[in-house]
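Annotation source TrEMBL lists domain 'FAD/NAD(P)-binding' at B:3-279. Per TrEMBL, the feature domain 'NADH-rubredoxin oxidoreductase C-terminal' maps to B:314-382. TrEMBL lists B:418-466, B:481-530 with the feature domain 'BFD-like [2Fe-2S]-binding'. Annotation source TrEMBL lists domain 'Nitrite/Sulfite reductase ferredoxin-like' at B:556-620. Per TrEMBL, the feature domain 'Nitrite/sulphite reductase 4Fe-4S' maps to B:629-769. The [4Fe-4S] cluster binding site annotation in TrEMBL covers B:CYS638, B:CYS644, B:CYS678, B:CYS682. Taken from TrEMBL, the feature siroheme binding site covers B:CYS682.
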Amino acid sequence: MTEWIQLGSLTAIPVRGARCVNTPSGKIAVFRTAEDQVYAIENRCPHKGGPLAEGIVHGTSVTCPLHNWVFDLQTGEAQGADEGSVRTYPVKVDGGVIYIAPDVLMAMAAE
Amino acid sequence: MEKLVVVGAGMASGRALEHIFEEAPGRFDVTLFGAEPRGNYNRLMLSPVLAGEKDYEQIITHDADWYRDHGVHTRFGETVTGIDRARKVVVSKNGETPYDKLIIATGSAPFIIPLPGKDLPGVMAFRDLDDVNRMVDVSKRAGSKAVVIGGGLLGLEAAAALNARGMEVVVLHLMGHVMERQLDPAAGYLLQRDLEARGIKVHCKAQTKAILGEERVEAVALEDGTVYGADIVVMAVGIRPETRIAVDAGLHVERGIVVNDQMVTSDPDVLALGECVEHEKIVYGLVAPLYDQAKILAKTLAKVDAAFRPVQTATQLKVTGVSVYSAGDFADAEDREEIVLRDANSGIYKRLVLKEDRVIGAVLYGETADGPWFFDMIRKGTDTRDMRDTLIFGQAYQGGAALDPMAAVAALPDDAEICGCNGVCKSAITGTIASKGLTDLDGVRAHTKASASCGSCTHLVEKLMAITLGDSYNPAAVKPMCPCTEHDHGTVRRLIVAKELKSIPAIMQELEWKTSCGCAKCRPALNYYLVAEWPGEYEDDNQSRFINERVHANIQKDGTYSVVPRMWGGMTNPKELRAIADVADKFAIPAVKVTGGQRIDLLGVRKEDLPGVWADLNAAGMVSGAAYAKGLRTVKTCVGSDWCRFGTQDSTGLGVRIEKFMWGAWTPAKLKMAVSGCPRNCAEATCKDIGVICVDSGYDIHFAGAAGLDIKGTEVIGHANTEDEALEIIVALTQLYREQGHYLERIYKWAKRVGNDSIKAAIIDDLDKRKYYYDRFVYSQQFAQVDPWEERVNGKDAHEFAAMAEFGLPVAAE
């Protein structure tokens with residue numbers, strides 16, 4: 001199997017924050033929660049395309065900076081009354097380093 | 001008899017030997033090597049020894065008699081330096097020792113950060129009795145100081161013990177809160193508070209730069225410039241498995257020595273256990289799983305089928321007088337629920353994490369008696385549906401009749417004291433509710449003072465209201481800030497001041513927040529309240545700010561940003577305009593627009609270009625216009641007496657003066673001002689938050705206008721004879737608003753809520769009060785007037801402006 005791909009160190013992302021990974025077919029937002037859990041989702045709100053990486057992170061959710069839609073980082077589903085979802089991508093942390101599943105980048109490159 | 005050689009005389013091997021002698025008595029002739037010049041002792045109890053609460057004899061687990069009775073040849077103080085697996089011998093300074101079966105139990109070694117000065121005498125780990133003895137020696141010197149690097153379990157135990165020995169102790173911790181692997185931020189906050197109450201200084205987010213000293217350690221320097229004096233430095237930042245002899249012997253070693261479920265390494269005659277091994281990619285550092293391993297290893301040697309399975313672990317901090325317990329997995333997730341109990345007065349915090357009605361994690365602080373009960377449920381996967389309502393109260397509350405809190409309050413006698421702060425009894429509250437026709441909590445607070453101070457009796461007052469008013473009482477009339485709390489903005493602000501709460505975790509704990517880290521509604525509000533209340537003390541929490549205030553630009557619909565430099569009072573000059581034109585060309589900024597606030601907006605700037613754009617604007621002398629801030633925005637002016645034939649005063653000069661005096665200030669909502677040079681009001685000052693209309697006799701000060709969602713003309717708050725007086729009134733008014741306004745509440749809404757009279761009374765009628773608020777504003781400005789653009793041009797928050805990683809097509813396609 002292909003190796004997981006290294007994105008950077010966990011500490012490169014502020015606690016309760018996010019950073020982007022640029023790929024040929026769009027941005028992936030990588031989040032770090034207050035409890036150091038790491039999640040990756042599509043950096044595009046299905047409502048009006050807001051950059052979710054810029055939102056406020058609380059619990060395992062993020063609030064979109066444009067119109068306050070809230071997404072669960074684990075499932076990518078919009079919370080509350082809003083309906084919609086974003087793609088989620090498998091990531092893992094090992095020894096303080098964040099990795100993304102190799103097929104994600106390959107799939108994105110193929111798109 | 002088979003020859004069994006054991007390398008390492010720690011807790012795991014001691015326990016393993018006990019089991020081996022039980023499972024297979026008389027089968028093995030045992031030789032036990034230990035690097036320390038003593039036998040097995042309970043390493044977990046080193047903290048009480050260091051604190052002087054126990055002595056070494058009390059923590060010995062196996063003494064000379066035990067070894068003799070079991071025929072163990074002890075070789076303490078003799079380090080095994082090699083293993084020859086082909087010839088089945090271990091090598092030490094006294095020669096070779098043959099084995100049939102070998103157990104490696106070398107444990108772990110403390111991790112020493114490779115800092116300059118790490119080898120100075122006085123720098124030590126906290127791992128064995130020798131370390132403890134060295135620390136105790138130093139602590140006997142009067143006034144001696146210790147710096148502990150690492151705020152984890154071990155570091156804090158060391159710190160508390162050294163503190164108990166009378167040393168001055170500072171704990172340096174890299175992360176945002178102590179024991180972050182075992183505790184969530186709320187419990188971490190409580191622990192830090194308790195440690196500091198004992199006189200232990202805890203410095204979080206501490207990046208250690210170097211250990212200083214000539215002959216021996218003298219001080220520790222941090223990256224932020226702080227220097228702490230130190231007679232000893234204790235490194236307690238972590239441990240790593242001690243695997244050297246296993247690696248040299250060619251055994252399979254990853255992070256630890258790899259073992260299977262039977263505790264056998266890649267060599268069938270070599271077994272291993274303890275902190276040096278890795279099982280299913282997990283390295284264990286707590287004692288419970290190591291004892292399980294000891295049991296399995298003994299069975300394997302006795303040729304009994306058994307398998308080690310990964311286990312849940314629980315942690316308890318051994319610091320006298322501090323109770324912390326954590327077990328299982330307590331992270332948030334979609335499919336999990338949490339039950340949180342906070343009792344601010346008693347310093348209790350309990351959090352249970354449930355998944356499918358089963359407890360999977362628990363963090364307890366202040367009261368940990370139920371820890372083992374919860375831990376038992378975690379391990380057993382107990383279904384908690386039937387006890388869900390009372391689960392958090394612990395074992396004592398299960399099984400009996402359901403408690404009815406309402407009945408308990410109704411049963412209180414009339415003279416029972418409800419509000420301890422203000423001495424209000426039950427009948428005074430119920431009587432006043434009836435006589436004054438009160439229907440909401442604020443009314444009860446206003447008329448009886450009950451629950452108006454610390455707020456801890458609020459739930460009792462609310463129950464009394466429910467009893468007195470029946471169905472007509474609607475507790476929802478109190479408008480909570482957000483679903484994370486029962487409190488409204490006003491209550492939260494009052495309590496921040498009354499209880500001197502100085503951080504977001506402190507507020508959430510003391511005011512019993514229902515979520516562990518708030519939401520996008522309450523966090524920015526709390527951050528503002530703390531910034532406004534504790535200037536110079538509170539460190540702004542960037543991650544609790546909306547993106548615009550985090551990156552000091554306005555996000556646009558396409559994810560680009562707009563940049564608006566300050567133009568003081570709407571004045572500019574050719575140099576600034578050239579710099580703006582140049583920056584627009586250089587960064588291919590697609591739109592340049594004149595704003596309604598008399599300045600220029602550069603629209604469509606890419607996020608990664610922001611620092612470059614700012615650098616060029618800074619170079620031309622411009623700073624951030626804060627066009628994104630809940631703070632001072634613009635002061636519009638007309639040209640006034642400088643140019644206008646009708647102008648009565650220098651309105652431009654006053655506008656510039658106000659803006660230069662007040663820029664950088666954060667306010668509950670945006671604050672827009674204007675100064676018009678005559679009543680023709682070309683600067684449109686009468687629909688601003690604060691406006692000035694210059695007249696022949698001086699300055700009319702207006703406020704509480706609106707020209708947005710609502711349209712409302714201003715009201716006159718007072719008249720100033722001089723520019724100085726006008727500035728003082730405006731500044732004091734702004735400060736009063738800063739201290740009373742609810743987050744996102746514009747001035748006109750604040751004025752409507754608190755009443756114009758109360759504002760006039762403080763700012764116009766009472767000159768002492770005006771001065772008081774003016775001075776408080778001036779004090780806070782010394783921390784606020786820093787250009788955020790310049791800070792970021794110089795590298796602050798660089799992570800905001802660059803991607804974490806870039807993948808082009810070739811890499812991704814590989």
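Heads up, the Cβ atoms here are built off N, Cα and C, so glycines get one too.
Sequence features, as recorded in TrEMBL, placed on the structure.
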| residue | record | DSSP (3 states) |
| --- | --- | --- |
| B:CYS638 | [4Fe-4S] cluster binding site | coil |
| B:CYS644 | [4Fe-4S] cluster binding site | coil |
| B:CYS678 | [4Fe-4S] cluster binding site | coil |
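When each of B:3-279, B:314-382, B:481-530, B:629-769 is scored by its Cβ pairs under 8 Å to the domain 'Nitrite/Sulfite reductase ferredoxin-like' (B:556-620), the top-ranked stretch turns out to be B:629-769. The Cβ of B:CYS638 ([4Fe-4S] cluster binding site) lies under 8 Å from the Cβ of B:CYS644, B:GLY647, B:SER651, B:THR652, B:VAL675, B:SER676, B:GLY677, B:CYS678, B:CYS682, B:ALA683, each of these being in the same chain and 6 or more residues away along the sequence. Surrounding the centroid of the Cβ atoms of B:CYS638, B:CYS644, B:CYS678, B:CYS682, where the record places [4Fe-4S] cluster, the chain contributes additional residues within 8 Å, namely B:VAL639, B:GLY640, B:PHE646, B:GLY647, B:SER651, B:SER676, B:GLY677, B:ARG680, B:ASN681, B:ALA683. Residues belonging to the domain 'Nitrite/Sulfite reductase ferredoxin-like' (B:556-620) score a mean pLDDT of 96 in the model. As a summary of secondary structure, the domain 'Nitrite/Sulfite reductase ferredoxin-like' (B:556-620) carries 29 helix, 14 strand, 22 coil according to DSSP. In the structure as shown, the Cβ atom of B:CYS678 ([4Fe-4S] cluster binding site) sits within 10 Å of 20 other Cβ atoms. All protein chains considered, the CB of B:CYS644 ([4Fe-4S] cluster binding site) has 16 other CB atoms within 10 Å.
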